[in-house]
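Following: one structure in structure tokens, then a few remarks.
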Amino acid sequence: MLLLRLKEKFARRRKPLKQRLEQRRKLIGLLRHYIPSISILLYFVGVIWLLLLPYNGYNKETYVSENALLPAQVNVYYSQNDVNIANEFRDRILEVVDKSRESRAEFIFKELRQAGFHAAIQHYTTKDESFNEAEGVNAFGIYHAPRSDGTEALLLSAPWVSRTGEYNVNGIASVLSLAKLFKRNTYWSKDIIILITDESVRGMQAWLNAYHGVDFGSNYSSDIMPRSGAIQAAINMDFPGTREYESLAIYFEGANGQLPNLDLINTVITVAKYTAQVPFTLHDNDAINRPQTPVESYLASLKHLTDTIRFQALGHPSSDAGLALRYKIDAITIHGITATGMHQPFDFHRMGILVESTFRSLNNLLEHLHQSFFFYFLTNAERYVSIGMYMPPVILFACCLVLQSLVLWYSPARDDNLKQETGASLAYSTSKKNLGACFSVLVTTHAAGLLIFYIVRPAFDFGGAIVAPNTEQVTIVKLSVSCGIAATAILMAVSLISSKQSEVQVMENWRVLKSLCLALTALIVASISLINFSLGAVMGLIVVIPYSLIQPTAKMPLRLLQAVMLTVLSPVVTLYLVATLSRSHVVNAVTVLLTDYEVVDVWLLAFMCTAYWPVNMALYTVIFA
Amino acid sequence: MMTRKAILIPPLAFILRIVLFNIPTIADTLATRVEVVTPITSFKRLTEGLYLYENSVPPYDNGIFHQAPFLLVLFSALTSLSPLAIPIVYAGVDTFIGYALVVITQMKQKNYANAPKLEVEKEMAPIDPWTVAALYLFNPLTILSCVSKSTLIFTNLSVVLSVALALKGDAIYSMFWVAIASYLSFYPAMLMPALVLIISKWTPSNNSTLVKQARASTFYFVAWLALFLISSRILVGSWDYLYSTYGTILCLTDLTPNVGMFWYFFIEMFDQFRNFFLVVFQLHAFIFVAPLCIKIREHPVFVIIVLSGMMSILKSYPSVGDAALFLGLLPVHDELFKYARYGFLVTNLYLYSAALAPIFWHLWIYAGSGNANFFYAITLVYNLGQVLLLIDLVYAVLRRSYDIANPHTIGKEVVHK
């Protein structure tokens, strides 16, 4: 009863139909008029939001979330005696370091065996820079801890060559002395694997593949590969040369932008701070000169953030440890920055304490690291930005595109039928969109993208016509062939959309096509940001405004300007720009991209060819329709 | 009848499928994707059952195989023929479903030729039947489902055949096919009343009333079903298969994730409530049959479309193959599209769920940084898209009927009360 009466009351207060329709029309007109500017505004809100993240008010202090870890709570046993052992190892490593791979591995194998490890040598084949078959040798040993049931293990690894290009002498010496220490103590509840990898990335990848049974191409010194259980965490030691270090750097980004559980980093940082008492930082940034003013601190945080974004967006693992993440192994690299100044440097003793204490903490784990964050940004080693804070900008970018796409989709080519209406709008609409032409454009460009992907891939050698694959010439040929395919696809798409059609239809077509392209870009940005936030954010940052601005015009210079803009955004030119900025040659950049794809299984190449480039090609059609 | 372009559609669709079958990375990946295959349609599980069956071990003893015994016989024959037989059968069946959709569209257009229409519809030609087939055959969901060798394709075939035969007025064989479909995956039994409506509405030779027709059809349906069940008992030698097939569908004993709503809910469920909610969920799937058959009885083919949409949302083990059938049948009633309001939104929801489902699955299963909530969230998005599409369609059919009945109100404001 009451409800009915209320309804009647409201019904009486409603304005007459004509007035309401007029209002509605006005509102729609307003929306249509302002949405493009609103969406541009959203973009800038997103950009400002991103720039606010390094500011201390928008990030929080990290904390150890997993109670079992208890970092920096144990007595450590790494003593002067172990330092002497490490020093001795250093001298003996210096003797073998210049010898063949085989004898290096043999040395490690013997030492590990002597220390009581179940040791083995792995001979693997992989592909070198020019994608020829290449061989390498890893040496590793497993300590089957007396209290472990062999289902869980911790990995301590070190490459022969450091990221600085020097030999990783101190790193390996420290690892070997730690191996002896680990064997001496009885409290291990997880097996410990010591791994010395040849040729860093390739060696690490080959070993991980073999350990997890992915490839069967390796030979071992023993009949079968010695194995332990699931690796719970890994620390990769990278301490180049034979001198002392002024600070500890942490590299944590994995392939395809994956990150280790934040608790692993927290543990190492806590141990470094309280037990080992060494200065620490992220990447190769300055750890000694702490920022004093807020501006300095903001800039330092921004630097950390952009470093991470760079590694993640390229999908490139920042260190060998990054490869392990794909096997659900949380891993980081600790790197010693060689001492230059007068600050109190550290050597084997504190390195040893650091790793020992960290391993003791990891040994306490009852289950896989899962408590803390997997999605975060570090603005410095002790502060993080959580996903709730950094996700909105990308959502804003996507919203900006979707809103524009909606306006284009619902705006008719001619506005007259809107004006002529006198009564209520019809419940149905008989206007038809020519989706066929637009879809065929998108299908053409995607097919072109797929074709380019197959041609650029290192495995593709033009049907065996080229004997030595992936020389500089081949890369250039591949790049030009890709550009040719892209150009052909664009020409085909333009002819598809503009042939045999009236002016009005072409007008209608470009709106629908642009609407589809923007919606597709929003989809790509939003979904890629969930697996690789940085890639999504970078893509959003560079494409949102240019893609929004594109529309057909009668003026030739404007058309050309738009075409130039799209060309700059096309992958080949972007790659060229990135290569120039990082002072290398475009061929080298392609080689890195291909190596990442072939050896480390990075998706960036596939993403560029099959998702990013096709939309870029399709948008040329909008200009020239 | 067939235009020149239309001639190309079936061979192209067939060849495309055969090509995809021969790319092992695609075919093998699809065969294990949870979005595409479910415990009750997986070909991998079928081969397990088949192996046991061919070695005279009771195939339902392993707790992995949950498919109907007829499929065992069919595939046991196919595998003995040649390794090529299976791809050819799958591609052939899918192409044939496309042809059956052509027949359905033609019959529907013939039946609606003299039906009342809107003014604007009089100068518009109805959709070309072969366009309907092309929309089904080149729908990515259809292709994915076919190449994954999901046995759902046989259910879909039976459903479209039963509709086509019902439109031709053949009660016995229409009931035969719907009984096969129900026998294979249980839920299509809900299509039976709508098929009876089709038969009694458009068969001029049949002067019996709806009640008589319903009685006869129910008899045929039950008789066929009984025949299938008993012959299955003879084939596998015990009644165990009933629990292993229909028991799994009804009691949800296998909680492998899929794109539906059931799995997550019943993983989280406390055991004491499980039975109650099982009944609620299963009833919910069937509860729409009566109201739809009463309210929209003038458009029984449309009722079939809506019910197939309902199945693809509310059945216990849905996959994209169910959505493929629903979306394939949709263009048969193309005159409703002009009333549809959510096209852009629904398309976007489908696209987002298509992109995000594999990503969230990766984060959950491989990267370990996500969890089950991620994947479940995306199945909610997917089903939201389907529900919105259904709402839009039902609105369209009701509004169109209203506009036809009250042409003077077109262009005026109508207040829903």
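Please read every residue number as a count from 1 along the shown chain.
Placement of Cβ uses the backbone N, Cα and C atoms for every residue, glycine included.
For the transmembrane segment (A:34-55), the list of distant contacts is 298, 301-302, 304-305, 377, 379, 385, 389-390, 392-394, 396-397, 399-401, 403-404, 406-407, 537, 540-541, 544-545, 548: same-chain residues at least six beyond its ends, Cβ to Cβ under 8 Å. The transmembrane segment annotation in TrEMBL covers A:34-55 (among others).
Feature annotation from TrEMBL assigns transmembrane segment to A:390-410 (among others). Non-local neighbours of the transmembrane segment (A:390-410) in the same chain are 31-32, 35-36, 38-40, 42-43, 45-47, 49-50, 53, 377, 511-512, 514-516, 518-519, 521-523, 525-526, 529, 533, 536-537, 540-541, 544, 547-548; each lies 6+ residues outside the stretch with a CB under 8 Å from one of its CB atoms.
Among the features that TrEMBL reports, transmembrane segment is placed at A:435-456 (among others).
The transmembrane segment annotation in TrEMBL covers A:476-497 (among others). Note on the transmembrane segment (A:476-497): residues 437-438, 440-441, 444-445, 447-448, 451-452, 455-456, 506, 509-510, 513, 570, 572, 586-587, 590, 613, 617-618, 620-621, 624-625 of its chain, located 6 or more positions outside it, place their CB under 8 angstroms from a CB of the stretch.
Sequence annotations record features per position, and here TrEMBL assigns transmembrane segment to A:518-548 (among others). Same-chain neighbours of the transmembrane segment (A:518-548): 36, 39-40, 43, 46-47, 50, 256-257, 308-313, 315, 375, 387, 390-391, 393-395, 397-402, 404-405, 408, 442, 565-566, 569, 574, 604, 607, 611-612, 615, 619, counting only residues six or more beyond its ends whose CB sits under 8 Å from a CB of the stretch.
Within the same chain, residues 479, 482-483, 486, 542-543, 546, 549-550, 553, 588-590, 593, 608-609, 612-613, 616-617, 619-620, 623-624 sit at least 6 positions outside the transmembrane segment (A:560-581) and bring their C-beta atoms closer than 8 Å to a C-beta of that stretch. What TrEMBL lists as transmembrane segment is A:560-581 (among others).
Long-range neighbours of the transmembrane segment (A:602-623) within the same chain, counting only residues 6 or more positions beyond its ends whose Cβ lies under 8 Å from a Cβ of the stretch, are 255-256, 314-316, 441-442, 445-446, 448-450, 452-453, 456-457, 486, 489-490, 493-494, 497, 510, 513-514, 516-517, 520-521, 524, 528, 535, 539, 547, 550-552, 559, 562-563, 566, 569-571, 593-594, 596. As annotated by TrEMBL, transmembrane segment applies to A:602-623 (among others).
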